[in-house]
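Here the structure comes first, spelled out in structure tokens, and everything after it is commentary.
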Amino acid sequence: MQSAISISASPALAARRSAGGDCAGVASGARSVNLRFCGLRKEALGFATVRRGVGSGTRQRALVGDRSCVRNLSVVAAASDNGSTPTKFDYDLVIIGAGVGGHGAALHAVEKGLKTAIIEGDVIGGTCVNRGCVPSKALLAVSGRMRELQNEPHMKSFGLQVAAAAYDRQGVADHANNLAMKIRNNLTNSMKALGVDILTGFGSVVGPQKVKYGKDNVITARDIIIATGSVPFVPKGIEVDGKTVITSDHALKLESVPAWIVIVGSGYIGLEFSDVYTALGSEVTFVEALDQIMPGFDPEIAKLAQRVLINPRKIDYHTGVFASKITPAKDGKPVTIELIDAKTKEHKDTLEVDAALIATGRAPFTSGLGLENIKVETQRGFIPVNERMQVIDKDGKLVPHLYCIGDANGKMMLAHAASAQGISVVEQVTGKDHVLNHLSIPAACFTHPEISMVGLTEPQAKEKAEKEGFPISVAKTSFKANTKALAENEGEGIAKMIYRPDTGEILGVHIFGLHAADLIHEASNAIALGTRVQDIKFAVHAHPTLSEVLDELFKSAKVDSLSPAKKPVAV
């Protein structure tokens, strides 16, 4: 296969082998379960009109349906004394950070009738839209098509003949950049259309219910949400030059396609970039500190995924080692990577490669937020919160009217988790107690094929079962038995469910296969709503569809005919 850009074999590659609330009366007896896990919607539904009152700058927002909540606000200037607590507020809600989490919270807040402002010191959309989820999916869309076009036996199985596939590196990079720009504009327009004030400048907390942004602008808010996200984590000893030693931020620009690249870390980020680089012609080496490749995934899923995603491709790996020092390429010399044993710290090897991608996770972006003004101390950079996302100070007390969502609190570093947390907080500040079940939040790795999961892995479920004294069972189904997967010649994959046979409670579901990221939500919603296996197995799925993989999974589960709640009581 020929590529549209020529990549000459580098010296490194050639030498490789030798080298409280208002609105409490609105539906107060109901518990909200209608959480939106997508923060990228363009407009809020169920919104009717905005009415301005006739006195004292009062603004009222009317909402349709039973969720209506009319709230009066008195808008006054912020008090000059930052140490005192204001009695009147500029805003009902101020959100520091306009990523997916902040955006989701802001749109839900205006639905609830709150006067809302969002502060952003960089660009709307945060990491997810500009340097993460969105542009990476654009690159993965390209890699998926390239991989399929390059697979001659796969194409012949359909009766198709395809000439040598090629790509234009700049065109691929432009696709990712243009997508990020489009989504960023959508987010900005959706907030403006609904009346969210977008304030530009770095935000910080200067006192109780007071926020500063920009140079010297101070505003007050009844409630404040911190949603500042995270940045790539770079371990000590690694020198990043943005060209030959890069983070995911740099990699998404796709300024080059190296012949041989080392990826430090084999989690979600590392796996996705290995999919992109190998599809575009690179050779990849993973450096993983833990003893197994793909840590964090269910072990059985990881074993199958390694057989499909790593072993047949131009990928090798070192496990149980740290990259103790990485030096960028310069003066005609390649990137050098010194590896040490993760346990003994003894020198193991030195690699000389064309490039290195640091995919060792992300660190919370919480410095400079003025947390000292409210006696809050971070823990490894994360802002401590309780189950309701309320911020906890250094004395273990709750900071009134202050919340933290998303990567900055470290509970679950996923964009849709941040959005769900933000929506949960808005429910609370408008008078409805709400606690988000994080075990119901799905995650996905967008390789080809995809990996998705929700809830506990099998080892985690076993540990919980032993501790709490209940049985667990495991059900599995294969994509090889699914008509739609076979029609696509994509029968590689499995779905796996861990559950309680005594009650039918679903503890975790893991999928590896075609469109796994789309399939996981049925299981996620079942966990969120408390749906049991014995009930969901009666759900009807269209035929022939990939969803029948889960249909068969639920039907294959064996649940006791008499659960503890239904067993007769001995007299």
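Just so you know, glycine gets a Cβ as well, placed from its N, Cα and C.
Predicted automatically and left uncurated, TrEMBL annotations should be read as such.
Listed in sequence order, T483 are the same-chain residues at least 6 apart in sequence whose CB falls under 8 Å from the CB of H543 (active site, proton acceptor). For H543, the entry in TrEMBL reads active site, proton acceptor.
Every protein chain considered, the tally of other Cβ atoms within 10 Å of the Cβ of M413 (FAD binding site) stands at 21. Residues or ranges marked as FAD binding site in TrEMBL: K137, G203, T228, G229, S230, D407, M413, L414, A415, H416.
According to TrEMBL, the NAD(+) binding site annotation covers G265, S266, G267, Y268, I269, G270, L271, E272, E288, G361. Cβ-based neighbour count (10 Å, all protein chains) for I269 (NAD(+) binding site) stands at 23.
Per TrEMBL, domain 'FAD/NAD(P)-binding' is recorded for 91-422.
Positions annotated as domain 'Pyridine nucleotide-disulphide oxidoreductase dimerisation' by TrEMBL: 441-552. According to DSSP, the domain 'Pyridine nucleotide-disulphide oxidoreductase dimerisation' (441-552) comprises 42 helix, 29 strand, 41 coil.
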Span of the FAD site, taken as the largest CA to CA distance across K137, G203, T228, G229, S230, D407, M413, L414, A415, H416 (Å, rounded to a whole number):
30
Which of the listed binding-site residues (T228, S230) has the least company, meaning the fewest other Cβ atoms within 10 Å of its Cβ?
S230
Can you tell which of the binding-site residues G265, G267, I269 lies nearest to T228 (FAD binding site) in space, using Cα positions?
I269
Name the one residue among G267, I269, L271, E288 whose Cα is closest in three-dimensional space to that of A415 (FAD binding site); these are the binding-site residues.
I269
Provide, as an integer number of angstrom, the distance between the C-alpha atoms of K137 (FAD binding site) and I269 (NAD(+) binding site).
11
